[in-house]
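Here's the structure, in structure tokens; my notes come after.
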């Protein structure tokens with residue numbers, strides 16, 4: 001028979017409340033310890049935080065006192081190159097870019113005259129090559145405090161070109177929108193509203209049209225002259241696919257300056273311009289314009305920094321003089337987007353001045369040459385304007401208006 005444990009044995013244990021009091025009454029002098037004793041003779045190693053990139057940069061250079069006491073050393077070519085380049089892009093995909101030289105940096109346009117011209121253009125649904133081609137001189141040409149000094153090169157026949165030159169940022173399409181029949185009238189209205197004395201008209205190439213847009217161009221010039229006959233008009237045209245009759249039509253429409261850009265040397269033309277634009281064809285356009293109206297000033301522009309050679313540039317200037325071109329401009333090619341040709345060289349202002357003098361020595365009437373000079377740069381226009389007025393028997397207002405000082409940027 002199983003033994004029975006007496007239940008009353010638990011009555012001999014102290015009450016639970018009393019037990020808790022006894023525990024609380026135990027002196028606290030005793031200290032808790034880990035089950036495994038720690039050897040305090042060995043110091044605990046300190047884990048250093050990974051230094052940041054900023055701290056690395058700070059620690060890599062001398063202190064201020066050390067820096068002041070360092071002897072001056074000339075920059076090595078490697079140091080100079082490092083200052084001209086920068087690494088951009090996300091981690092793992094960084095690439096090296098070349099910073100723009102100081103002489104190519106321009107202010108951001110933001111003043112009342114710039115805003116007014118832009119508002120007028122939008123209201124009349126007009127386009128400018130200044131915006132479409134991302135011209136660096138837009139703050140200078142649009143932002144002048146003197147209204148008569150402001151220049152905006154109106155781009156006719158829309159903002160979409162049928163050609164795709166590798167240096168130009170204008171939109172391209174095989175089938176651009178149809179021409180706006182009201183554009184000639186709107187253009188004449190805008191130019192008369194601004195009160196300018198000298199205007200520049202250009203256009204996209206329209207190979208989709210039978211006449212290349214020559215009649216539209218000529219109509220616009222005639223409308224401008226009807227509104228204000230004293231306005232001097234420069235037309236920067238395409239090559240009309242080599243149709244010299246269309247060149248003659250525009251040249252005889254009443255303009256004062258016929259411009260067509262060569263863009264580069266003969267050897268680089270196939271790599272820089274659209275395959276339909278040919279070096280010899282452009283020379284024939286300038287020659288045909290001069291023959292159609294000998295009193296016209298003919299003008300062209302060449303970009304530097306594309307990898308051209310000195311001898312090729314000399315040959316281009318000689319070719320232009322053979323067809324009696326009066327004015328040439330030199331400017332720095334600046335890559336508009338990553339889709340376009342890379343800049344081979346940033347040409348210094350001193351080299352631009354050398355080519356300006358060489359052009360004048362060859363017999364050109366005028367040459368504007370500088371990193372920021374473009375084919376319709378206002379410094380050149382001021383000089384041409386006074387040449388035209390002089391031919392018409394108008395007194396030149398001032399020596400400053402010739403723009404000779406502004407020609408070299």
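Cβ coordinates are placed from backbone N, Cα and C, and glycine is handled just like the others.
The following features are taken from Swiss-Prot:
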BINDING   130, 135, 141, 376  [4Fe-4S] cluster 1 binding site
BINDING   161, 165, 168  [4Fe-4S] cluster 2 binding site
DOMAIN    144-365  domain 'Radical SAM core'
TRANSIT   1-34  transit peptide
Lowest local Cβ density (other Cβ within 10 Å) among binding-site residues: 165, 168: 165
Environment of 161, 165, 168, the listed [4Fe-4S] cluster 2 site - residues of the same chain whose CB lies within 8 A of the CB centroid: 163, 164, 167, 169, 170, 172, 204, 205, 274
Nonlocal neighbours by CB distance (under 8 Å) for residue 161 ([4Fe-4S] cluster 2 binding site), same chain, sequence gap 6 or more: 168, 170, 171, 172, 173, 176, 204, 205, 206
Rounded mean pLDDT for the residues that make up the domain 'Radical SAM core' (144-365): 91
Collapsed DSSP category at residue 165 ([4Fe-4S] cluster 2 binding site): coil
